Amino acid sequence: MQFLNTFSKSRISWLLLLLCIVFFEGSALFFQHGMKLGPCVMCIYERVAMMGIAFAALLGAIAPQYAIIRWAGLIAWGYSAVRGLQLSIEHVGYQFNPSPFATCDLFVQFPNWAPLNKWVPWMFEAYGNCAEVVWTFLGQSMPQWLVIIFAGNLVALALIVIAQFFSKKTNTILDM
């Protein structure tokens, strides 16, 4: 735990998290533009959750040695990973438990103050079907892989949060 405590206070740990998210976002863009797999509304929302983790990584990388910055990054990471897990579980439900009464929206709905689909349509515009399985790897669909990825983020986060309470002892004159 001491290692994770020390590691979380280094900029490299937060940049490593950012690098992982850049890889996942790059993969998503490759699927969209390279393989011509149209993202659905849930895919876009899951992408935004990934971006939230990227934001958390950037926040934590600012000054990880300061507890307030580190905890802000950890909280943002946790919120984004939980929301991403919720969205991807819901998406798996649309794919494997189809119902005419449970469908995703036809269009992404962002707040008026941040219409990401208008600002960056090549990344945030949805035109796929949430219930359609368009790609699998090792027998898992894309949202199933996202469940694994977001759950993995939460496991890593839990370990790092627990490690925050295991700081290195400092020697005092009374310890000698």
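Every residue gets a Cβ built from N, Cα and C, even glycine.
Residues or ranges marked as disulfide bond by Swiss-Prot on the basis of sequence analysis: CYS40-CYS43, CYS104-CYS130. What Swiss-Prot lists as topological domain 'Cytoplasmic' is 1-13, 65-71, 164-176. Look at Swiss-Prot and you will find 31-48, 90-144 tagged as topological domain 'Periplasmic', backed by sequence analysis. The transmembrane segment annotation in Swiss-Prot covers 14-30, 49-64, 72-89, 145-163.
Sequence-distant neighbours of the transmembrane segment (14-30) (same chain, 6+ residues past either end, Cβ-Cβ under 8 Å): 39, 43, 47, 50-51, 53-54, 56-58, 60-61, 64, 73, 77, 123, 149. Using a 10 Å Cβ-Cβ cutoff, CYS104 (disulfide bond) registers 22 neighbours. CYS43 (disulfide bond) sits 10 Å from CYS104 (disulfide bond), taking the C-alpha atoms as the reference points. Under 8 Å from some Cβ of the topological domain 'Cytoplasmic' (65-71) lie the Cβ atoms of residues 8-9, 59, 164, all in the same chain and six or more residues away from its ends. Within the model, the topological domain 'Cytoplasmic' (164-176) carries an average pLDDT of 61. Between the CA atoms of CYS104 (disulfide bond) and CYS40 (disulfide bond) there is a gap of 9 Å. The most densely surrounded of the disulfide-bonded residues CYS40, CYS130 is CYS40 (count of other Cβ atoms within 10 A of its Cβ).
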